[in-house]
Amino acid sequence: MQVIVALAALSSLAAPALGFSIPRGVPVSQSMIDVKLSAAGNSMVKATITNNGDRALNLLKFHTIMDSNPTRKVTIESQDGKEVQFTGMMPRYKHTDLKPTYFISLPPKGTVEHSFDIASTHDLSRGGKFTLKAEGMVPLAEENGTTITGAAKYNSNELHMDIDGNKAASVERAMGIVKRSGPLTRIGKRTSIDMQSCSNRQELQALTAALRASAQLSSMAAQAVQQNQEKYMEYFKDPQYAQTVQSRFQSVAQESSSTSGGGTTYHCTDLMNGCEQGVLAYTLPSQNEVFNCPIYYSDLPPLSNECHAQDQATTTLHELTHNPAVQEPFCEDNGYGYERATALSAEKAVQNADSYALFANGKFLPMSSMLVTQD
């Protein structure tokens, strides 16, 4: 099925141009790329991406069918119509300073293939018949460029696979079970911090401050859902979801703060080897585990003064929305950055992690002066 290139407008509210920004005034183009899924083995899938246009494109791999990380590339339904549990990672990538290695170049009429084993990120041990489909959005740059100039929505064909459960069960999981040898410290009986991973005092202080700021931002955002309808509609589109959005913000505030028991574990460092280039932090939703990466500390301020920019507080908020222990169903990465997040339908926005992080950051810039100081 073909992909329609969607070119969204820049926000008049955002101070800087983010790495995924799409310039205002660029018209909607013709269908330019095609994504086709095909079976390549028992649980192996091949995605073929074709550039139907007359000019070369640079396609950003992050959060797309081409992502080299074990992210959710397809939705999988079993024969009874139930979605198969995802056991991979949900990373938050840095928006800025995009490197050429983050892109795949596709010449006019050219194709690129990307294969992945769905058994490495899904429990297919029951075996049987499954239906797969991929949809998302690919940020685009010009040939040899790294400046995002557009984005292509894609909806693949449906792929039907008959999978041998025993063979699928023998495939090594991309992200194993988290093992801890050290103690856990619960912040006010909420999010547990894995102290074994937090031997660096500065990293522990930064994470503790980010959790406190996340609690404050989320609490204020929950109030603003009802108090500022214009802002709510900008991000979430439909008033019928206001209670759901407010409830999720309240749940994140509770998980981040000091009231009663919570269900996530937060790690200062990467124990599962998920911190590839460009990854700020990531979540394993099947285990309710969150991990910070080195650039979370080196490249992000505690809380940004710039509208819709990334920082430690809203990155932590973003990651907590990915955890089913915070609220179910947990959030996906349906649209990344302001332009892509605000272009989502209401149904997609209410389940999009960045919509919550951007709403909190974009609405509450005065919070930068209220950020809890590090201990």
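Even glycines carry a Cβ here, placed using N, Cα and C.
Feature annotations, courtesy of Swiss-Prot:
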SIGNAL    1-19  signal peptide
DISULFID  C198-C268  disulfide bond
DISULFID  C275-C293  disulfide bond
BINDING   H318, H322, D333  Zn(2+) binding site
ACT_SITE  E319  active site
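Each of the binding-site residues H318, H322 was scored by the number of other CB atoms within 10 Å of its CB, and the largest score is that of H318.
Ranked by Cα separation from C268 (disulfide bond), the recorded positions H318, E319, H322, D333 are led by E319.
Other than H318, H322, D333, the residues of this chain whose Cβ falls within 8 Å of the Cβ centroid of the Zn(2+) site are, in sequence order, M90, R92, T283, E319, T321, C331, E332, A353, D354, A357. C198 (disulfide bond) sits 22 Å from H322 (Zn(2+) binding site), taking the CA atoms of both as reference points.
Each of the recorded positions E319, D333 was ranked by the number of other C-beta atoms within 10 Å, and first place falls to E319. The two recorded residues, C275 (disulfide bond) and E319 (active site), have Cα atoms 14 Å apart. Across the fold, the C-alpha of H318 (Zn(2+) binding site) and the C-alpha of C293 (disulfide bond) stand 14 Å from each other. Taking the C-alpha positions, the distance from H322 (Zn(2+) binding site) to C293 (disulfide bond) comes to 16 Å.
Distance noted between the C-alpha atoms of E319 (active site) and D333 (Zn(2+) binding site) is 10 Å.
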